[in-house]
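J.: Pasting a structure below so you can have a look.
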Amino acid sequence: AATAPRIPPTRLALHHFDMNYSLQLKDLWPSVRAALLCEQKYGALLNNFSPVDHVAQELELLNATDFVSEALKTAQQSQWGVTTEEVGRGESRSQEGSGESRTVMEAETMTQAEMSPPLCASISSNIKCYTFPRGDITRFRPARPDALGLLDYYLMDAASLLPILALNVQPDDFVLDLCAAPGGKTLALLQTGICGHLAANDISISRTKRLYEILHSYIPKEIRKMVSVTSCDGRDWDQLEGGTFHKVLVDVPCTTDRHSVMEDDNNIFHKRRTKERQMLPMLQLQLLMAGILATKQGGEVVYSTCSLSPLQNEYVIERAVEIAETQFNIRIHVEDLSHFRTLFQDTFSFFSECRLGELVLPHLTANFGPMYFCKLRR
């Protein structure tokens with residue numbers, strides 16, 4: 001009997017997404033779909049352990065900008081604009097009074113403005129990532145080694161830095177990257193320059209080798225000493241080192257939507273991987289629970305995927321919050337990250353209807369993502 005023609009996994013993935021994401025994203029889906037099928041846009045994460053000034057100048061001459069510092073600058077300017085406006089209003093109201101009352105009014109207004117938390121308070125300015133403007137599809141040159149052999153930048157989806165910025169590492173924090181390979185986010189965590197200790201884990205030994213390669217290509221030996229690399233099943237991490245970390249990144253395996261519609265190799269929509277794909281939300285939930293249990297009281301977890309699927313995103317968060325409370329008596333607070341939408345709206349296209357966390361949508365003029373990220377406080 002003639003066998004049915006084999007449908008490529010990329011086609012199966014696109015069919016699956018057409019059925020599901022058209023319901024979720026509605027009118028946005030056609031443009032997101034077109035972007036997923038086009039070449040992805042990259043950012044250049046500067047290596048702070050290599051002399052970067054000349055690299056930054058070179059990139060700026062090509063019309064690339066550091067999207068992190070640009071966003072912070074814009075936020076500070078708008079905040080300063082609000083402050084000066086308020087001071088101006090205060091002055092005009094008290095012009096009839098004495099000079100003394102005017103000074104009091106100014107002081108009060110300034111204090112109120114200082115008290116309102118600035119948008120940029122929770123963003124690490126040590127991370128520098130250059131991107132080309134919206135609509136500009138220029139490619140970056142490959143990374144080059146410096147005199148010590150360290151590469152000058154790392155090319156990655158710039159949206160992948162948002163979970164790192166959301167984690168907001170503080171000086172001397174003990175940090176766990178639970179699903180660390182191939183290593184881009186681990187490298188970004190080290191670029192903050194302030195981790196007290198970084199544990200980088202991945203279940204796959206072959207992918208962990210790639211992580212080692214990245215650390216050796218970008219990080220000096222003395223800094224590598226504060227990184228411990230392991231190849232454990234992340235689901236068991238709480239049994240190894242429970243309640244010990246200030247910050248945990250849980251960047252879980254997912255349907256990797258962009259890869260799934262573009263590449264037949266290692267595609268999770270391959271027929272033989274159907275069961276594995278169906279079990280992904282359960283795996284993601286187990287990994288997130290392990291991340292929560294690895295965190296100290298008062299510590300923070302950032303969960304992230306490169307999928308648009310609410311089953312792998314918000315639903316996993318909701319279930320984890322519920323299990324933490326009912327089975328472990330741990331109250332989890334889901335942080336509001338909507339300020340990321342305001343800060344980075346010039347670089348990324350965000351989905352405004354995300355119930356929990358934030359979702360970067362691929363868009364033809366800003367073809368980053370998909371990237372979902374959500375922050376939890378224990």
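Cβ atoms here come from the backbone N, Cα and C positions, even for glycine.
Per TrEMBL, domain 'SAM-dependent MTase RsmB/NOP-type' is recorded for 68-378. The region 'Disordered' annotation in TrEMBL covers 79-114. According to TrEMBL, the S-adenosyl-L-methionine binding site annotation covers Cys179, Ala180, Ala181, Pro182, Gly183, Gly184, Lys185, Asp202, Asp233, Asp251. The active site, nucleophile annotation in TrEMBL covers Cys306.
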J.: For Gly183 (S-adenosyl-L-methionine binding site), just count the other CB atoms lying within 10 A of its CB, please.
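T.: I count 25 other Cβ atoms within 10 Å of it.
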J.: Which whole-number value in Å describes the distance between the Cα atoms of Cys179 (S-adenosyl-L-methionine binding site) and the residue listed as 'active site, nucleophile'?
T.: 13
J.: Please work out the number of neighbouring Cβ atoms within 10 Å of the Cβ of Lys185 (S-adenosyl-L-methionine binding site), leaving out its own Cβ.
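T.: Its Cβ shell of radius 10 Å holds 23 other Cβ atoms.
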J.: Hey, which of the binding-site residues Cys179, Ala181 is the loneliest by Cβ count within 10 Å?
T.: Cys179
J.: Could you measure between Lys185 (S-adenosyl-L-methionine binding site) and Cys306 (active site, nucleophile) for me? Cα positions, answer in whole angstrom.
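T.: Their Cα atoms are separated by 13 Å.
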J.: As a test of the contact definition, list every same-chain residue at least 6 positions from Cys306 (active site, nucleophile) whose Cβ is closer than 8 Å to its Cβ.
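T.: The answer is Asp157, Ser160, Cys254, Thr256, Asp257, Arg258, Gly369, Pro370, Met371, Tyr372.
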J.: Around the C-beta of Asp233 (S-adenosyl-L-methionine binding site), how many further C-beta atoms are within 10 angstroms, looking at every protein chain?
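T.: That number is 13.
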J.: Max CA to CA distance in Å over the S-adenosyl-L-methionine-binding set Cys179, Ala180, Ala181, Pro182, Gly183, Gly184, Lys185, Asp202, Asp233, Asp251?
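T.: If we measure all Cα pairs in Cys179, Ala180, Ala181, Pro182, Gly183, Gly184, Lys185, Asp202, Asp233, Asp251, the largest is 20 Å.
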